[in-house]
Amino acid sequence: RICTNCCAGRKGCNYYSADGTFICEGESDPNNPKACPRYCDTRIAYSKCPRSEGN
């Protein structure tokens, strides 16, 4: 289980609950991070990042 929230999540990454329900897309650009609260959205279990560079 990852610890993040929609605001702090990486832009271009989709966040899902444990049963595969889409929750949100991340809003924070790695090159220009948003000022986000550091809390864990307990609904978020994993992410998929189809548009991220690298992996």
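Residue 1 is the first one shown; counting continues down the chain.
Including glycine, each Cβ sits where the backbone N, Cα and C put it.
Marked as disulfide bond by Swiss-Prot: Cys3-Cys40, Cys6-Cys24, Cys7-Cys36, Cys13-Cys49.
Counting only same-chain residues six or more apart in sequence, the Cβ atoms lying under 8 angstroms from the Cβ of Cys7 (disulfide bond) belong to Glu27, Ser28, Lys34, Cys36, Pro37. Considering other CB atoms within 10 Å as the measure, the emptiest surroundings among the disulfide-bonded residues Cys3, Cys6, Cys13, Cys49 are those of Cys3. Here the candidates are the disulfide-bonded residues Cys3, Cys13, Cys40, Cys49, and by Cα distance the one nearest Cys24 (disulfide bond) turns out to be Cys13. A separation of roughly 9 Å, to the nearest angstrom, links the Cα atoms of Cys40 (disulfide bond) and Cys6 (disulfide bond).
Considering other CB atoms within 10 Å as the measure, the emptiest surroundings among the disulfide-bonded residues Cys36, Cys40 are those of Cys40. On a Cα basis, Cys6 (disulfide bond) lies 13 Å away from Cys49 (disulfide bond). Here the Cα atom of Cys13 (disulfide bond) is found 14 Å from that of Cys3 (disulfide bond).
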